[in-house]
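Taking it in order: structure first as structure tokens, then the write-up.
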Amino acid sequence: MTTYSNDSDENAFESIEVPIPRPVRFWIFLLADVPSVVCSFVLLIFFWKNHSARQTLNNHAVILILICGLGVELVDVPFHLAYIIDSGIVKPSTPATCLIWWLVTYGLFNGQQILLAWAAIERHILIFNARLMTTKRAQYCAHYLPLMVTFLYILSFYIYAVFIFPCENTFDYSLPVCNASPCYQNDSLMGMWDFIGNNIVPGLLITFVSIALLIRVVRQKQRLKQQIHWRKHRKMTVQLLLMAILSMVFILPLNLLSLAHLCGLPEEIGADEEQYLFYTAYLFIFLIPFVVLYSTSKLWATIKMKLLCSIHHRIGVHTINHATANTTRR
């Protein structure tokens with residue numbers, strides 16, 4: 001979600017909004033955000049109450065990804081909705097509002113990509129080097145420590161970049177995300193590190209590491225012909241691939257277009273497309289909880305069973321009422 005620029009006069013929104021009518025944006029955001037928030041809470045409650053799911057190593061990165069996404073859905077999206085309701089004015093129109101919005105938009109949004117990149121790498125360890133996780137010490141070194149360091153890095157970098165880095169911010173309360181142009185992005189070192197290290201590299205890692213995982217799983221399945229072994233790791237593989245596909249479809253194009261601009265592509269080329277890509281990137285946030293729900297078989301099976309029971313109950317009640325009505329007429 002970071003647009004890097006060396007020119008302090010450049011900004012992410014080109015001083016205009018995306019040419020999608022505000023009412024359309026409002027209903028898209030609202031109708032997508034509410035079910036996604038509900039799904040995220042259901043998943044987090046499930047992981048909290050289910051000891052087996054909570055202790056499963058591959059779920060830990062997923063839980064952090066859900067928490068980051070929930071932060072965007074509960075802070076960033078409501079800010080967008082309030083902006084539209086208030087006729088295109090950020091309310092309250094204070095620097096604190098913009099700084100919090102930037103922290104969530106960039107920190108949690110990019111944080112999801114960084115965590116997903118680590119999850120992709122960790123899947124290789126969990127599937128093909130499971131022996132490294134046989135002891136508590138090994139689990140701490142190969143799983144818990146890297147995950148904690150990654151999460152602390154995300155929080156530390158963006159808190160420092162948004163709130164502490166010595167530069168002067170300019171806030172435009174007439175544009176979404178206060179014009180989405182925190183001043184640290186104009187610094188040659190901080191801006192480049194954020195754009196390359198926190199955007200481009202995680203996006204490429206997600207793509208190539210996920211493809212490599214699929215190739216390795218298929219080759220091992222064919223070579224060893226162990227159906228049981230495939231079933232053991234199928235859920236982890238499918239879950240990662242589905243999340244990686246969402247990232248490649250909704251996040252990677254925006255990052256690659258921004259990279260092309262950085263490498264010399266004129267800013268006017270793809271400017272309109274960049275506006276749309278900025279908003280379509282939110283589909284990654286909205287869809288991730290449903291991918292996790294689908295790949296969490298125990299919870300998904302329970303929900304399907306309750307839905308089927310509810311449908312059958314309603315059909316049964318309707319049939320009884322209909323039969324009673326016919327009997328009464330007679």
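Easy rule for this one: first residue shown is 1, then count along the chain.
Using the three backbone atoms N, Cα and C, a Cβ is placed for every residue, glycine included.
If you check TrEMBL, you get these features:
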- 26-48: transmembrane segment (TRANSMEM)
- 39-292: domain 'G-protein coupled receptors family 1 profile' (DOMAIN)
- 60-79: transmembrane segment (TRANSMEM)
- 99-121: transmembrane segment (TRANSMEM)
- 142-165: transmembrane segment (TRANSMEM)
- 200-218: transmembrane segment (TRANSMEM)
- 238-256: transmembrane segment (TRANSMEM)
- 276-296: transmembrane segment (TRANSMEM)
> Counting only residues 6+ away from its ends, which parts of the chain sit with a Cβ under 8 Å from the transmembrane segment (26-48)?
Replying inline: 54, 59, 63, 66-67, 69-70, 73-74, 77, 80-81, 84-85, 282-283, 285-287, 289-290, 292-293, 296, 299
>> Below 8 angstroms Cβ to Cβ, which residues of this chain, lying six or more residues outside the transmembrane segment (142-165), approach it?
In response: 57, 60-61, 64, 99, 102-103, 106-107, 110-111, 114-115, 118, 122, 125, 132-133, 182-184, 187, 190, 194, 198
> Considering pairs 6 or more residues apart, do the transmembrane segment (200-218) and the transmembrane segment (60-79) have at least three CB pairs under 8 Å?
Replying inline: no
